[in-house]
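Novice: Before I ask anything, let me first share the structure, which is written out below as structure tokens.
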Amino acid sequence: MTTIVSVRRNGKVVMGGDGQVSLGNTVMKGNAKKVRRLYHGQVIAGFAGATADAFTLFERFEGQLEKHQGHLVRAAVELAKEWRTDRSLSRLEAMLAVANKDASLIITGNGDVVEPEDGLIAMGSGGAYAQAAARALLNKTDLSAREIAETALNIAGDICVFTNHNLTIEEQDLAD
């Protein structure tokens, strides 16, 4: 699996993920890019779960973004509906985290679209560790969104055997 973290703070949204791809108990790749930009660089997206499934979902989500002129919530809801009702999509095992200047969302294969109330997303095999670390740092420090995401991912990488320290971080100003 993997760990994806997204943090909103002080006019920035940051999303990061580790680079480990595992097949069972074997590390197959250590430098995968699980966080990327979509829709003309205006949306940051990350995935946890089966890699091939996630790429299919990225393509479908980007199609929904194009169809709805980059409106993140509308595109996410439409993807979730499609994911829930399309037989081939309903078998996909992945989750998406997506963020832009307006919102941060988790999209699940059950058709859920969740906007966390504190702007913090942490998912994947190391998600609980990363969430605990990020929440503590958000509440007790003045660190930047990027510093919080990096620290949370590194803590998850120290604890979770399916998460490594080869990080991809994307950052966007909320004013853009």
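Just so it is clear, glycine is given a Cβ too, placed from its N, Cα and C backbone atoms.
Sharing the record's features from Swiss-Prot:
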type	residues	note
ACT_SITE	Thr2	active site
BINDING	Gly157, Cys160, Thr163	Na(+) binding site
Novice: For Thr163 (Na(+) binding site) and Thr2 (active site), determine the Cα separation and express it in whole Å.
Specialist: 5
Novice: Could you measure between Thr2 (active site) and Cys160 (Na(+) binding site) for me? Cα positions, answer in whole angstrom.
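Specialist: With distance taken Cα to Cα, Cys160 (Na(+) binding site) is 9 Å from Thr2 (active site).
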Novice: Near the Cβ of Gly157 (Na(+) binding site), how many other Cβ atoms are there if near means within 10 Å?
Specialist: 22
